[in-house]
Every structure is written in C-alpha cells, then in structure tokens.
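Undergrad: Shown below is the structure under consideration.
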C-alpha cells in the first residue's frame, strides 16, 4: 500500500475495460510527498456502458501480467518479478521494483530518499526542515547570515591593504622630508677654524671699493 500525507486529490479517466473489470487512469496530486502530479493505471470494480481506447500499458494488481489497452479490450502477457524485486506502487506506478526502504516514501516535506547498502535510507531534507525523515521544521540559526559573512570576508582584506598602503606612503613622505632637511644642515661647531663663504664675499667687495 502507498502511504499518503496531507491533502491528496484524484481524477479517474477510463482507459479500457475487459469482460471482468474496468481499468482507470488515476491522476493524483500530493505535494507534501514531493510528487506534484503523477498518474498510473489500475483496476477498479466499476462497470460503464461505453469503452475508451488508449494504447497505454499497465501491470496487473499482482504484477503477474503486463497489459495494453486496445480497441477490443486489454491484451495481456505473463510477467514475473525478478529475485529481490517486489510488486508495489512507486511514483504512482505499479510495477516490479527492487526492494528498498525508499519505496514507502519515508522522507516527508519534499525530502529526497537515498537508498543505502544496508537496506536503510537517508533523507536529504529541503531547506527549512530537518530530522531523520525531514519531519521537523528547522529552527533559525543564530549568527550572521551568509551574505554578511561574505561581505566581511571581502572588506577585511581590502581594509588591510588600504592600511598598509597608507603606512608606506607616510613613511616615504617622512623619508623625503628628512633628506631635504639633511641637505640644508649647517656645519656644526668644531675646533677647526672656518670662514663663511658669504662673509668672505662681502669682504672682497669692500676691498675692491
């Protein structure tokens, strides 16, 4: 049996009938299971006064036959499930499927079921849900959002580079200023006599006069 959750709606469309039973195409909607819309063919015990042609293949209830609707009824052929396969409905379609825990749709709220080797399963939950079967609404995590983390990661290196460049420029400016002052330094006082060039030039002018 297929397990449903939430609100499910069905639409029956007659596809063909036999002398014993009428087959319908079932269009089902079940958004909670991650199956927005799907369809499968199955038999129901309803008799209608008219027939509908549709060349669509389907499998009998016990998967012992595979059939196709024709203008004269259903044409069936023997069918057998392989070892390790079971007859069930999966993804709204009856057929032989490999035995798996995912066949029961254990993952809720649109989660994706991944089969494991140990006959177990893992649910990959959609955003906003958590838990083994994605049955719990995730609580908002406290802390910075991803966009703020990215913004900080970009701005911090830029700020560091700008600071380093500022320090380099200031050091270069101070170095140039120091060299300029050094070029204008006057002679320090020493015991060696010296004469100022300016004073010597003034004396020479006075002598000429």
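Glycine is treated like the rest: Cβ placed from N, Cα and C.
Residues or ranges marked as disulfide bond by TrEMBL: 125-134. Marked as domain 'EGF-like' by TrEMBL: 98-135. Taken from TrEMBL, the feature transmembrane segment covers 148-171.
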Undergrad: Which Cβ among the disulfide-bonded residues (125, 134) has the fewest C-beta neighbours inside 10 Å?
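TA: Minimum Cβ neighbour count within 10 Å, taken over the disulfide-bonded residues 125, 134, occurs at 125.
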Undergrad: Can you break down the domain 'EGF-like' (98-135) into helix, strand and coil residue counts using DSSP?
TA: 4 helix, 11 strand, 23 coil
